[in-house]
Amino acid sequence: MVNEKVNPFDLASVSPLVLGGAILNQQYTDEPESIPLEDIIKYAFSHGINAIDTSPYYGPSEVLYGRALSNLRNEFPRDTYFICTKVGRIGAEEFNYSRDFVRFSVHRSCERLHTTYLDLVYLHDVEFVKFPDILEALKELRTLKNKGVIKNFGISGYPIDFITWLAEYCSTEESDIGSLDAVLSYCNLNLQNNKLLNFRERLLRNAKLKMVCNASILSMSLLRSQETRQFHPCSHELRECASQAAKYCQEQNVDLADLATRYAISEWVGKGPVVLGVSSMEELKLALDNYEIVKSNGNRLSSKDGQLVEYIQKNIFKEHFNEEWSSGIPHPEMI
């Protein structure tokens, strides 16, 4: 139901789609302030979405979300949606996982987002930070949860094997942290890479998570008709494959981003939320339309979409399907 109160501890009630905030970073948008965020939030919340995902690392994202949510508070009270944000990543090469900074960052996020609590806080991109520092930051998040400042906490990152191992480790007595509540995985369940499917059971059963969130379903601009953004860390070969996939889709009168969106939703619906990055009302409505197309077909792809996906994965991506790129530092403690 729209505008229904949510239980911040019940992550199972997070909507199937989550409104993302990375698009408000200058990496993706030259003028984030020009995005009609208030209209986007109002439309999203009026059509079943009840969660946002942001981060201090995403430029002015928290500030812009905070302003928009504050302006909409009479129509959408704070207790009718989840706010998910992150801590620890400051810049492309700058991280601070100290307990003091984690605490400072959480309180700063509360101020920016005009809230007294955060529903979920992820430790941002853990693969870039040394293991002992990760543990200290997670212990501080546990303390903040015990104090009620945050309701849930977890980790985010790209290398799904390390993310899974770390989540499992936290659930052991040795960690002195306790089970995490959630993991946000990005670029691991999309048209080019579906490895997240192989790790979900471990994350839920062994790590005892409440929620596994799937983000970057267009693989940070790789899976779209426009050119892949320059900052994307994938190989030249994979970039070329994506370009070929876009051309193939165009020949079939299908947009690659639409197909990729439907694929990710069909694979993850019922398993966890999918984070959407939209920068306009048109993109939001298109994403919701794609969701409804999949939902109306029993949460499956149409036969045409299924054939297109199979061709792209087997005949275009070929050996580059499930190809990964380097991210983070070595973690020899992972066994």
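Every residue gets a Cβ built from N, Cα and C, even glycine.
Residues or ranges marked as active site, proton donor in Swiss-Prot: Tyr58. The site 'Lowers pKa of active site Tyr' feature in Swiss-Prot is assigned to Lys86. Residues or ranges marked as substrate binding site by Swiss-Prot on the basis of sequence analysis: His124. Residues or ranges marked as NAD(+) binding site in Swiss-Prot: 221-287.
A map of Swiss-Prot features onto the structure.
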{"residue": "Tyr58", "record": "active site, proton donor", "DSSP (3 states)": "coil"}
{"residue": "Lys86", "record": "site 'Lowers pKa of active site Tyr'", "DSSP (3 states)": "strand"}
{"residue": "His124", "record": "substrate binding site", "DSSP (3 states)": "coil"}
{"residue": "Gln230", "record": "NAD(+) binding site", "DSSP (3 states)": "coil"}
{"residue": "Arg239", "record": "NAD(+) binding site", "DSSP (3 states)": "helix"}
{"residue": "Tyr248", "record": "NAD(+) binding site", "DSSP (3 states)": "helix"}
{"residue": "Ala257", "record": "NAD(+) binding site", "DSSP (3 states)": "helix"}
{"residue": "Ser266", "record": "NAD(+) binding site", "DSSP (3 states)": "helix"}
{"residue": "Val275", "record": "NAD(+) binding site", "DSSP (3 states)": "strand"}
{"residue": "Leu284", "record": "NAD(+) binding site", "DSSP (3 states)": "helix"}
Round to a whole number and give the Cα-to-Cα distance in Å for the pair Leu284 (NAD(+) binding site) and the residue listed as 'active site, proton donor'.
19
Binding-site residues Ala257, Ser266, Val275 vs the residue listed as 'active site, proton donor', shortest C-alpha separation belongs to Val275
At the level of the C-alpha atoms, what whole-angstrom distance separates Arg239 (NAD(+) binding site) and His124 (substrate binding site)?
26
List the same-chain residues at least 6 positions away in sequence whose Cβ sits under 8 Å from the Cβ of the residue listed as 'substrate binding site', in sequence order, or say none.
Ser55, Tyr57, Lys86, Val87, Gly88, Arg89, Ser156
Might you list, by sequence position, any residue in that chain lying six or more from Val275 (NAD(+) binding site) with a Cβ less than 8 Å away from its Cβ?
Leu17, Val18, Leu19, Gly20, Asp53, Leu184, Tyr186, Cys213, Asn214, Ala215, Ser216, Ile217
Taking the Cβ of Gln230 (NAD(+) binding site) as centre, how many other Cβ atoms lie within 10 Å?
7
Ser221 (NAD(+) binding site) -> DSSP, reduced to three states, gives coil
Long-range Cβ environment of Ser266 (NAD(+) binding site), under 8 Å and at least 6 residues apart
Val294, Asn299, Arg300, Leu301
